[in-house]
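A.B. asks: Would you mind keeping the following structure in view while I ask a few things?
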Amino acid sequence: MDKNKRKAYIINTISVVSLYLVFFILIQTKVMNKYFIGIAILTCIMIIMAMSLNIVAGFLGEMALGHAGFMAIGAYSSAYFSIALMDTGIALPNIVVLILAMIVGGIVTGLVGFLIGTPTLRLRGDYLGIVTIGFSEIIRIFFINFAPTGGAAGLKGITKLVTFNNVYWITIVIIILIFTFGRSKQGRAIISIREDEIASEAAGIPTTKYKVLAFTVSSFFAGMGGALYAHYQAFVEPSKFTFMFSIEMFVIVVLGGLGSLTGSIIAAIILTVLPEMLRGFAEYRLLVYSLALVVMMIFRPQGMLGRSEFSLTKFIDSLMLRKDMKNSIGGGEAQ
Amino acid sequence: MDLFLQQLINGLNVGSIYALIAIGYTMVYGIIKLINFAHGEIMMFGAYFAFIFATSFQMPIWAVLLIPMVIMALAGVAVEFIAYRPLRDAPRLSALITAIGVSLFLQNLALLIFKADPKVMPKIFPETMISLGGVEINSTTLVTIGLSLFFMVLLDLYIRKTKQGRAVRAVSEDKDAAILMGINVDRTISLTFAMGSALGALGGILYSVAYVQVFPTLGVMPGLKAFIAAVLGGIGIIPGAMLGGFIIGMVETMTKAYISTTWADAIVYIILILVLLFKPTGILGKNTREKV
């Protein structure tokens, strides 16, 4: 392990732990009430959703407008599983049940993603976008009509397993997993397909295989996000997972910058927290939000971060550098 | 048999509305390769204007139909000028997000002005039942089908026979070559938005009359279905949009009548997916090979 890498690990670990401590203290001292904790949990879930969507939309560069459908499958399958597990009477700690439910939700959704992705990824661009809208709507209509999961009335009786403490660490783990995926051999192959599909095929990359892989991994994590959502709300209904919700997630990814995971994280935080802060102007809130979207696209179409990643280490380095420069300039004047 | 005929006419009714809206999508896509998400909101505002003119001002039928069409044509041009034109050379995705933004903006504007509760759309056409070969047809249905067909034929003639229509076709075929031929591309694109939006507004009015309601999210579902219709027929092709509209309307009505009301939308999407998988360019589309 080289020196820079170790330094980056240390800085990131310290910042993650200290951020957790800040939240921990705020919650313990009751500065953050239940409402704010709720926003923080939703933000974590949206971070997972945006990052997972970024695998297809950003890394692979394909338009996927059906992420809500995958989230729905994850939410429903995990909730169904956890209810069944609770019914058997086996006493497991909450966190174990939650993680098992997430894994079930992730695998089921990943499988569906694989089945949908295999035929549809032959299409590209707008057409792929339309097909993903179609599948997501079919999934929603399926859950409206599917009696075992409560139909249109929704699935009730889910135990609320998600707390800020566990969702924070789960989100951190998923962030690390997706980052690692992006830098792995597979992740780089996917990015090369985005850059030039024909060239990467000529370089010996089985493009169809990696496209389906990206789609499957993306839906796997979307399913996990859906599982968290189900076990936070303790209730899932089909009307949550509409076309507009897919669009909302897509907007987060684009605003953060397609292909930039840190961008997705920042945009997910801003776009979840900001609307809540604007609740006082409830009537104008969505008006402002949509206007901001248009203005942003006209003046900065590549999103906040473009394709680059925000790095804490580099940020600190640049701060240090500035200080050094100031010192040297200051020193120069003194002489 | 009578039930079938009745459903056939219902299907034509819904289909003609979808066809009208689909034309707007397909024309815009054909000319600037953009899914104009705001089109559904254009039709919603058209319906609201018709509602206001019919209830508050008691205007005659032709004014209730034509004035909103003109207003929305101007609104469509304004949307293109303000939101889409600055992004013409930007990546396609940013233009798409802008379209989504405009759509959300207009929806929330309507929510703010007209409030969320649905308004009851008055019957703007004289209501009588016409008996035709044992089938009872509502006159509104006939007027809807007739009006849609009339405007579709008008548009088709305009696109095929006039100079401006030829310019529209030329720009959607090859923008750069059209510039070289001395065609004013900006003006042609504006014209396309005006025509598409006017037809969309008419579609919105007819839709709200058929379902007796006006509300801020009126445009979302028919907009999505009309867009599917446009894709189904082959996006960018005007007769394709009409054909697609009628197919979607017919499938939806028949599924509702004979299979299941709740699954109707799902079947529409399944057809869309199947068509796209086996013939991605749509029913009337030509296959083009991708070049390296």
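Note: Cβ is positioned from N, Cα and C throughout, glycine not excepted.
Heads up, TrEMBL stuff is auto-annotated, nobody curated it.
Pasting the feature list from TrEMBL:
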{"type": "TRANSMEM", "residues": "B:12-32", "note": "transmembrane segment"}
{"type": "TRANSMEM", "residues": "B:37-55", "note": "transmembrane segment"}
{"type": "TRANSMEM", "residues": "B:61-83", "note": "transmembrane segment"}
{"type": "TRANSMEM", "residues": "B:95-114", "note": "transmembrane segment"}
{"type": "TRANSMEM", "residues": "B:137-159", "note": "transmembrane segment"}
{"type": "TRANSMEM", "residues": "B:191-214", "note": "transmembrane segment"}
{"type": "TRANSMEM", "residues": "B:226-251", "note": "transmembrane segment"}
{"type": "TRANSMEM", "residues": "B:258-278", "note": "transmembrane segment"}
A.B. asks: Please tell me whether the transmembrane segment (B:191-214) and the transmembrane segment (B:61-83) touch - that is, whether there are at least 3 C-beta pairs under 8 Å between them, with each pair 6 or more apart in sequence.
C.D. replies: yes
A.B. asks: Given a Cβ distance threshold of under 8 angstroms, which distant residues of the chain, six or more beyond its ends, lie next to the transmembrane segment (B:226-251)?
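C.D. replies: For the transmembrane segment (B:226-251), the sequence-distant neighbours (Cβ-Cβ under 8 Å, at least 6 residues beyond its ends) are 8, 11-27, 29-30, 35, 39-40, 152, 155-156, 159, 172, 203, 267-269, 271-272, 275-276, 281-285.
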A.B. asks: Any chance the transmembrane segment (B:95-114) and the transmembrane segment (B:37-55) are in contact, meaning at least three CB pairs closer than 8 A with a sequence separation of 6+?
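C.D. replies: The answer is yes, given that the two segments have at least 3 Cβ pairs within the 8 Å cut-off.
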A.B. asks: Let me spell it out: take the transmembrane segment (B:258-278), skip the flanking residues so only those 6+ beyond its ends count, and list any with a Cβ under 8 Å from a Cβ in it.
C.D. replies: 7, 225, 228, 231-232, 247-248, 251-252
